[in-house]
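**Q** Just dropping this structure here.
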Amino acid sequence: MASQKPHLNLITIGHVDHGKSTLVGRLLFEHGEIPAHIIEEYRKEAEQKGKATFEFAWVMDRFKEERERGVTIDLAHRKFETDKYYFTLIDAPGHRDFVKNMITGTSQADAAILVISAREGEGVMEQTREHAFLARTLGVPQIVVAINKMDATEPPFSEKRFNEVKADAEKLLKTIGYKDATFVPISGYKGDNVTKPSPNMPWYKGPSLLQALDAFKVPEKPINKPLRVPVEDVYSITGIGTVPVGRVETGVLKPGDKVIFLPADKQGDVKSIEMHHEPLQQAEPGDNIGFNVRGIAKNDIKRGDVCGHLDSPPTVVRAFTAQIVVLNHPSVIAPGYKPVFHVHTAQVACKIDEIVRTLNPKDGTTLKDKPDFIKTGDIAIVKVIPDKPLVIEKVSEIPQLGRFAVRDMGQTVAAGQCIDLEKR
């Protein structure tokens, strides 16, 4: 049973042409849940077009076209299993989507595969550095490096070339703080060393890519952190009372607990908790729950409030300092700019009061102090003042409530995380 295995969110990162899609295709087709009839259709079509080798990249492109044409291939098919785990692949097509998904935590990745091409003239490139730095900054705890296109080295499957690329990648990962990455030579296109050892690389004695993925660790549930339940909705149920609904991000909630909702500043006692219409004696991180609170009326609290225990209440800020990445802004962002910040379930207009400094995306060192403005692609430290009280936490303390997206003009213009705060 798949659901009995621990589940990990896995993100594939790396330069756009280094073979991510091919590798993802290979994993999904060999171990995933793409229905056999779809594979068969592709196989026939590939043969007719003289692509009898059944090129995975081509299949992935078809996959993409079908999605674009609105023939949805359910996201459930982006899952694959190993002996030990059940993985969901968060494939990041574009650089911007990748950063946005990563930062907003809609898909907090538990681990990453960094794909680097071993082909001459490729190797560690600009985007490789940026993706790796962002993965680290945004809290992806563990990484496996897939040194891809080993079939395209000179000569093919060259141990010397593998060692060169590995040395560069190792240096990069050490500078940004990944201590113990595994480096695996593969060919996503030909399938070498993806699921089983390759006869073409007898010199390599390490794990296959799948074995390396199985060596990842399961993240621990943050049950020892203070309780935080961002409110998604509030219902008033006849005969029961006020029932807020939301997902437990950190900590543990039990019937009988004394809780406070902030910034609403309303207190109450938890009478009962339900998940999927079943009573719960204890709610833990990841649980989507409804809970009945005595002493609170439906209109006292709303979406965006956060529930915590009375003795360690959620943090309401007057201002905070954030590290942001500008993803997509048509002009420039200067002090005084006031977009909408999406933090957990809250949406609050916030003013960028000061641009403290910009950072080098490759290593996080300071580029410029107090610049006049920032633009798409920049990483900056900024001071932010919300229009009204807002709950946000330091990413170093409760990362689940420390990340946010910045929206304006119908798009995500930036994303970031809270690194310091001034309590209200």
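Cβ atoms are placed via backbone N, Cα and C, with glycine included.
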**Q** Taking 91-94, 267-270, 275-278, 335-338 as the choices, which stretch does Swiss-Prot tie to region 'G3'?
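**A** Of 91-94, 267-270, 275-278, 335-338, Swiss-Prot gives region 'G3' for 91-94.
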**Q** Can you identify, from 148-151, 160-163, 244-247, 344-347, the stretch that Swiss-Prot calls region 'G4'?
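**A** Checking Swiss-Prot against the ranges 148-151, 160-163, 244-247, 344-347, the region 'G4' one is 148-151.
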**Q** Which range is it, out of 70-74, 250-254, 290-294, 305-309, that shows up in Swiss-Prot as region 'G2'?
**A** 70-74
**Q** Region 'G1' per Swiss-Prot sits at which of 14-21, 62-69, 190-197?
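**A** So the range that Swiss-Prot calls region 'G1' is 14-21.
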**Q** Under DSSP, is LYS20 (GTP binding site) part of a helix or a strand, or is it coil?
**A** helix
**Q** Report the same-chain neighbours of ASP17 (GTP binding site): residues 6+ apart in sequence with Cβ closer than 8 Å to its Cβ, ordered by sequence.
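**A** Those within reach of ASP17 (GTP binding site), by Cβ under 8 Å and sequence separation of 6 or more, are SER117, GLU122.
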**Q** Measure from the Cβ of SER21 (Mg(2+) binding site) and count the other Cβ atoms within 10 Å, all protein chains considered.
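**A** Looking across every protein chain shown, the total is 23.
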**Q** Taking the Cβ of MET150 (GTP binding site) as the centre, count every other Cβ atom within 10 Å, in any protein chain shown.
**A** 30
**Q** Across all the protein chains here, work out how many other Cβ atoms are within 10 Å of the Cβ of GLY14 (GTP binding site).
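**A** So the Cβ neighbour count for GLY14 (GTP binding site) comes to 25.
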